[in-house]
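S.K.: First the structure, then my questions, so here it is.
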């Protein structure tokens with residue numbers, strides 16, 4: 001890489017000298033070979049030591065540069081708040097599978113106990129399991145989640161109270177909304193994963 005850069009720098013110096021000497025020749029100079037090493041890095045598959053490919057410009061960067069506070073991708077995608085939140089949360093596929101298993105085990109309206117009236121009929125009014133799983137993965141806070149799924153304020157406050165009951169170990173409140181003893185473990189497991197990543201902040 002250093003040799004290629006140095007050769008490129010010499011070539012650029014010669015080209016600029018030629019431009020100064022022959023101003024009309026500026027348009028005829030092809031610098032694509034000078035920039036070729038940059039383009040190949042962006043168009044090839046990423047190396048294991050730089051496995052993240054920026055979606056906008058195709059630049060490969062190290063995982064350590066994701067969500068570090070300094071944009072490395074041209075469009076700043078490596079610092080996108082949704083990406084950084086999703087990096088801390090369980091994968092969307094895992095969340096969707098977990099939601100599906102809750103629905104399969106406890107019935108199509110089970111998640112209404114957590115998310116409110118719009119969660120009836122296997123979450124169809126909220127856009128389905130996949131959309132809810134994505135919103136849980138990308139939403140930094142419960143407020144962001146409510147906005148992403150257009151939850152009513154009452155449903156959002158209900159969800160917040162369920163989270164607080166889980167966090168505080170208030171089994172009485174959870175039972176009062178119809179969560180049975182046999183279901184408590186599943187609900188607690190699911191909600192604690194979100195709480196640990198700042199969902200209630």
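Placed from the backbone N, Cα and C atoms, the Cβ positions cover glycine too.
Take a look at what Swiss-Prot says about it:
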- 46-60: disulfide bond (DISULFID)
- 54-73: disulfide bond (DISULFID)
- 67-84: disulfide bond (DISULFID)
- 45-85: domain 'LDL-receptor class A' (DOMAIN)
- 1-28: signal peptide (SIGNAL)
S.K.: Please list residues from the chain of residue 54 (disulfide bond) whose Cβ is under 8 angstroms from its Cβ, counting only those at least six apart in sequence.
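M.R.: The list for residue 54 (disulfide bond) reads 60, 61, 72, 73, 74, 75, 77, 78, given in order along the sequence.
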S.K.: Using DSSP, what is the helix/strand/coil residue split across the domain 'LDL-receptor class A' (45-85)?
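M.R.: Result for the domain 'LDL-receptor class A' (45-85), in helix, strand, coil order: 11 helix, 4 strand, 26 coil.
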S.K.: Whole-number Å distance between the CA of residue 46 (disulfide bond) and the CA of residue 67 (disulfide bond)?
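M.R.: About 19 Å separates the two Cα atoms.
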S.K.: For the disulfide-bonded residues 46, 73, 84, which one has its C-beta crowded by the most other C-beta atoms within 10 angstroms?
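M.R.: When each Cβ's neighbours within 10 Å are tallied, 73 leads.
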S.K.: Quick one: mean pLDDT on the domain 'LDL-receptor class A' (45-85)?
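M.R.: Computed over the domain 'LDL-receptor class A' (45-85), the mean pLDDT is 94 on the 0 to 100 scale.
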S.K.: Please list, in sequence order, the residues in the chain of residue 67 (disulfide bond) that are at least six apart in sequence and whose C-beta is under 8 Å away from its C-beta.
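M.R.: Once residues fewer than 6 apart are set aside, residue 67 (disulfide bond) is near 78, 79, 83, 84, 87.
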